[in-house]
Amino acid sequence: MAARKGRRRTCETREPTEAESRDTSSEGPVQVYLPGRGPPLREGEELVMDEEAYVLYHRAQTGAPCLSFDIVRDHLGDSRTELPLTLYLCAGTQAESAQSNRLMILRMHNLHGTKPTPSEGSDEEEEEDEEDEEERKPQLELAMVPHYGGINRVRVSWLGEEPVAGVWSEKGQVEVFALRRLLQVVEDPQALAAFLRDEQAQMKPIFSFAGHMGEGFALDWSPRVPGRLLTGDCQKNIHLWTPTDGSSWRVDQRPFVGHTRSVEDLQWSPTEDTVFASCSADASIRIWDIRAVPSKACMLTTATAHDGDVNVISWSRREPFLLSGGDDGALKIWDLRQFKSGSPVATFKQHVAPVTSVEWHPQDSGVFAASGADNQITQWDLAVERDPESGDAEADPGLADLPQQLLFVHQGETELKELHWHPQCPGLLVSTALSGFTVFRTISV
């Protein structure tokens, strides 16, 4: 379907029930289902996962849902593809009561790939399959600490050899937690049990800042200056944190001035120590330089980046591109060399509800992923062009209207909130939703 070798565009399928199969046998048993592009699911129809479209697929739940999480870089090596996989997440809950919330480290391991459909065989072969199934069961360990108030956003960084999490609380505080102990105990069941019994309740943040005077969501650690942090709130203010000696920070009380409504997301430049980008419910995207005083630090502005709130941004680590997603369902790519023009270099419209998360692939410069309130996760590749001789559009006319760069549509989650590529496992995506966590890799990336 796509001209680029190694890329395959895939969408979820839907399959009628037995009764519908009899009634619609002339139409074939399976149809491609695309939200917003064709008839909705009829009564008795359900989405069926095409397992052949996934290299790996696992789901996990943690009790209360998590609005935000981050992937913890580990010491297991980079560019690892050998299965089974192990990964570590840091997440925060949104429980019904403030006292019931937790900040947690998840160790997910024994993550095998999708298994081929078993063929009919002898009883002995079936017993071997059952034993194999037991050995392939994914494993999850949780190390949790109490947190008063729902957690709006979590971002992890390493300060030298010390892993820390920045946490935005719905109670209006931003806190920093040390993660070393949590990462240690998830490796050993006995140590974990002792920690949960004796230490859990005593775990406190190593630093806390209440100067925002209200809750917020935007938070980003600098990838270039260890410990440097930005936090933005729903009152339109952005504050700069500068690390000091002894696991502490000096937070500049003078906010960066420019936005007129809630600051939704922040991204440091991957190439310049002092430059960052912000997006807001005022529909704008702004570029700042912290070398200027906060009241004059805004250097570039696109006032109407989206038709409505700009929810999320991602700054490419490999190209001078900024990716944005908004309440209008649009995904836009901004060339920072042409940012003054106020026009994106590309706009994609596949999502039919607000975009909730976007992120560039950490290794492949043209690939990115997005999630939306329409319960879609989409994978994109800017390098893909449709092969006019492939005949895909004629085989399925519904595909003709799809953006050429759309590689994959993943569905089946409920109230998707956030996604991240794993920086050390190429092509591996992790998402969080009301329905829980999903870890998957598709055949397309």
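A Cβ is built for glycine as well, from the same backbone N, Cα and C atoms used for every other residue.
Database features, via TrEMBL:
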- 9-25: compositional bias 'Basic and acidic residues' (COMPBIAS)
- 121-134: compositional bias 'Acidic residues' (COMPBIAS)
- 45-112: domain 'Histone-binding protein RBBP4-like N-terminal' (DOMAIN)
- 1-42: region 'Disordered' (REGION)
- 112-138: region 'Disordered' (REGION)
- 256-291: repeat 'WD' (REPEAT)
- 303-337: repeat 'WD' (REPEAT)
- 348-390: repeat 'WD' (REPEAT)
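Each residue of the repeat 'WD' (348-390) gets a DSSP state, and the totals for helix, strand and coil are 0 helix, 20 strand, 23 coil.
Under DSSP, residues within the repeat 'WD' (256-291) fall into helix, strand and coil as 0 helix, 18 strand, 18 coil. Across the repeat 'WD' (303-337), the prediction's mean pLDDT works out to 97. With DSSP classes pooled into helix, strand and coil, the tally for the domain 'Histone-binding protein RBBP4-like N-terminal' (45-112) is 6 helix, 35 strand, 27 coil.
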